[in-house]
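Here the structure is laid out as structure tokens; the discussion comes afterwards.
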């Protein structure tokens, strides 16, 4: 999972063939349900699915805590509604992974209490730097999550794209929404945050550690 250079900070949607910038984070939403999938407890690769669902659940939980911290500081400011809209989508992501945890009997990471505290602290701490700091955090985190989701998509495509079709569609949908949040952060002056390049690199290093640990613990 690489950290993109802050100087250029390209719009990540351009890296996706056929991506359409006009689909905003507040636009049309696609419902994904596990109704006709070939995925069952008997025919899936339990190790792969457990790992994917556990880490994604942890990531969406952490993202929710980050936005909660940002709203605690900036909720009454002009950027509050923007943050709230992104947070609402993250709540939907977390709800879906909560359902998948039950459906596929996946235990959560033992690090949930830690992500609870650190996520809120990261959100509130960067928000104390102002709108730009909060948006820099959003750009860093959402970029990391999008790269992580891309890695999972490659893994499932190599495993069995037909069997995991609906899980693939879900991850792709969430990946696209994270990229939209990334672009919203750039549109709201993330790059004007104090020491933007350093801040982004530190946050993304933390994301890589969190992903590594949540997959395994």
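In case you wondered, yes, glycine gets a Cβ from its N, Cα and C as well.
What Swiss-Prot says about this one:
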TRANSIT   1-35  transit peptide
REGION    11-29  region 'Required for nuclear localization'
REGION    48-217  region '2 X approximate tandem repeats'
REPEAT    48-129  repeat '1'
BINDING   51, 212, 216  NADH binding site
BINDING   60, 90, 93, 178  Fe cation 1 binding site
BINDING   90, 142, 178, 181  Fe cation 2 binding site
REPEAT    130-217  repeat '2'
Can you tell me the CA-to-CA distance separating residue 90 (Fe cation 1 binding site) and residue 181 (Fe cation 2 binding site), as a whole number of Å?
10
Cα of residue 181 (Fe cation 2 binding site) to Cα of residue 216 (NADH binding site): how many Å, rounded?
27
Rounding to the nearest whole angstrom, report the longest C-alpha distance spanning 51, 212, 216, listed for NADH.
10
In the structure shown, which of the binding-site residues 51, 93, 216 has the fewest Cβ neighbours within 10 Å?
216
If you count other CB atoms within 10 A of each CB, which of 60, 90, 178 wins among these binding-site residues?
178
Running the binding-site residues 51, 178, 212 through a 10 angstrom C-alpha radius around residue 142 (Fe cation 2 binding site) leaves 178
Going by Cα-Cα distance, which of the binding-site residues (60, 93, 178) sits nearest to residue 212 (NADH binding site)?
60
So, three-state DSSP: helix, strand or coil for residue 60 (Fe cation 1 binding site)?
helix
